[in-house]
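A.B. asks: The structure under discussion is supplied below as structure tokens; questions concerning it will follow.
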């Protein structure tokens, strides 16, 4: 035991920012969503269904959050990081490094899924890695618009979805709006992702997360699907790929501000709360617990 | 950070009732159920199933509750508000404004779903917005009776469903009947909605919520589905639309009183609830609640 | 408020046993399982699937437990009551009244489901209420064996299923074996029922609960399905109906004793636990906590 | 009551190791996964789907953990035991006995499932117990590779899956990385197993657990499936069976070390964990824990 602890201690990173980047990297690396899609697509529906793909994405994200939460707060999405920055709860300077770490995590995660499903993808495609058509497999890794979706429809879809997503995330963050039991946040965010998957997934697969979408897209670009992953057939002069990079930021900002303006700004006594240092949010919690203690004690003694 | 907080504080609404109405509005706005139905119907079942529609309704409601709970208590349903009023736990004077806010939230929520699924609905319907038939899309937004359902069958269905729903809600409310962990109530109510969806959804889609049903129906009326949304083909002289407006109130009252008369009225020492010792267990719980109140109060006052 | 409270107080039942019976009655009345089966069968699978039937049974039971738990402990199953009696944790004298209340609750619950699905059942069956064949609807309410099941196979299935069910229930009861958060027990039992439904439902629908099976069977007997509900075609001289009445008791006893003999009997310091009066369950719980600490401590130190 | 308690006390095992082995045995015995597979396969998909098989495995494991957790810590998997041993958190000397107990539990569990589904398996197979082909039933009990899977593909699949599994388990273990509510761990591990089932199940059924795979394989070997269960048709010179015995250990080690090196090693002040202040957040948490302890202590002393 001690031997192992001592060994591990040698590798200890003392930079807080470096630790956080590693956590963000790992959190996005282990997201299981692509595996769930690979399983359903390559088994032609015998090993799952649309629902299991959404379960894979949603529940997988829970474990990404559980891995990273104690170190970096488990942002795992540049849009979420940006929202916290806008609200002054996260330094802007960390945003690029967080995003880059997430991107690399998602890139390597896609690589791992490809490795794990290499045989299955070969068998399903006959070796042809395609972006469109009935044997397309690029959709395992990144989002592509459905046939019916217009360019504006795609933009609106991503803005609306990201707005609702961030609005709900802000509600979960807001300790004054509801006593969600400590530690359940990752699970509830996972449920939120599932909800979005079953409500907003058929237009373009609800990417919502620029790092989660671009990282695997870059992987498919170099792994054999080629430049097609950055093009779409029907929209002239451009392609789909930048929509899930840009629209979620717009929607996320919209949702964040909506929540702040409609709910959080109106909590009583917002003013003097700032004076207490934000970081020690736990103070209030601690006080509450002390009081609970008194209760328990008095309960015992009487 | 401070800049943003200061900016937001400018918009602060000091009226408690106004804050509550905004919360009720937003809580019903973000309910994801219609999106889940839109997704399954317009994708012709390739992006979901009956179960995912129910999951969308049920899990979506969880986030509506999480958004509103700290401000208004997250009624999100006029029937629930009415039940609390009947039991003297909510002022009757607030009922109309709560209901109106819920109605507007559901109306705009339907509009947002229509916006998000505009392309998909166009592609699915060929531009014809119909209330009945194989390409009908009105059912995305509001409830319509199944072919087999008679008028009386619809009434009974809604009365029974609302009675069971409110009966269970009252049990969840009743702190002396079971120590559900704090903060889990929205999740358990979401599970309740899912349970009802898989048990009581095939007659007429378990509307249960007059605001959630009428708001989107009004939206479809003006958005192109037209007056058909207020008519039903087979029932002479009238239509379905008022059943989910009226029957849930009747059923809700029935269920609320059933719970009160069969369970809550018989808890020991209901009469002098505030002062007297109950069973050992409850004393401690009550004291905890009182102390929590103190905490909350002191939070408010400082 | 006061008016209502005062009104309700007039109806107050002071007999603890009567209150418990009412709670057991109501808890089994609101179990949603039959509705889920009715929905799937009468919609011919368009409004659900095998999984939604199991979800209805399992999640519905959660709300039955939440309604009854604070009053009677939410047994909701004579087998569970019997197990507690065998272990000396529940008086044998209450067993008949509990079971009768459960039976009546299940009987009236079946009646309510029939009422709610009257139109749907008429449309699906053309008015013929059958026990067997493709249009059979008796399976909505009670269990019937699958084609492949022999008499001994049915007995074994019910004994094994009830044994595993009670074994797990005893583990959930055993505070010294794991700190399940207070108030989560009904939810975990619901998950257990779901697990059994997806693992042990295809032989004969895992009745497991004599009251839940006999009550609705009696209802179908008088409501038009007739004496066929007590017969089975292929087994000479008897019928299926008594298997789910008897086998679960045998299995339940087996599972209870297995858990007690393999796990609970070996917890350290079981001996001095008995001296504290049983009715003040909280005392025991407190002591258990002390014991857990001792255990943990000793575990660490040794 | 007293009689029963006194009776049970006679059987009390005082050896801590023996108790732990019994708990590991029982925990793996009651895992419901095989039943779920038996149900779907023998009902030819009318009583479940791929998702219900995964639900059976995942939720069943929850109850295995709940049964064993208070006694042995509910390892239920030799790979998990090994990981704890490597990290010095479990004595290596216990590893063989734990593994053997798990193996016997899984063996007898498979026997019970066979007993319960004997009629159904006979009806489905016409009495022929086959390992491959459309009527194969060996897959109910143990893992077999899919048609498309190569030998190396199978190895990689199991290494990757076990690595991710153990990585997430280590995160759940790591109290400094996230305050998962006490007692929820078994449930979250169950969710993790479900996630893996929907993400990594189509190559070879994600065995992940050498005891869970070998025990039932041995059972099928002697119960009539014969030596075929140790062979695979397409891979010359060997067979599949040892892959799920060996690869999970490799992957598990990889995942454990990855988590330790990327996350846990960098928690501030790992070295003098017991005494020293950690990061602000953790300080508070620690203090909270201490305070909770004080409460409990004072409760004990009064």
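For all residues, glycine too, the Cβ spot is worked out from N, Cα and C.
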A.B. asks: In TrEMBL, which of D:217-239, D:240-262 is labelled transmembrane segment?
C.D. replies: D:240-262
A.B. asks: Of the stretches D:21-41, D:53-76, D:151-172, D:184-208, D:240-262, which racks up the most C-beta pairs under 8 Å with the transmembrane segment (D:97-117)?
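C.D. replies: Answer is D:21-41, with the largest number of Cβ pairs below 8 Å.
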A.B. asks: I'd like to know if the transmembrane segment (D:184-208) touches the transmembrane segment (D:151-172) in this structure, counting it as a touch only when three or more C-beta pairs sit under 8 Å and are separated by 6 or more positions.
C.D. replies: yes
A.B. asks: Residue list, the transmembrane segment (D:240-262) vs rest of chain: Cβ under 8 Å, 6 or more residues beyond ends.
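C.D. replies: Contacts of the transmembrane segment (D:240-262) (Cβ under 8 Å, skipping residues fewer than 6 from its ends): 78-80, 82-83, 86-87, 142-145, 151, 154-155, 157-168, 170-171, 174, 204, 207-210, 213-214, 217, 229-230, 232.
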A.B. asks: Do any residues of this chain, six or more beyond the ends of the transmembrane segment (D:21-41), have a C-beta under 8 angstroms from a C-beta of it, and if so which?
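C.D. replies: Sequence-remote neighbours of the transmembrane segment (D:21-41) are 13, 47-50, 52-57, 59-61, 63-65, 67-68, 71-72, 74-76, 97-98, 100-102, 104-106, 108-110, 112-113, 116-117, 120-121, 124, 137, 139-141, 211-212, 215-216.
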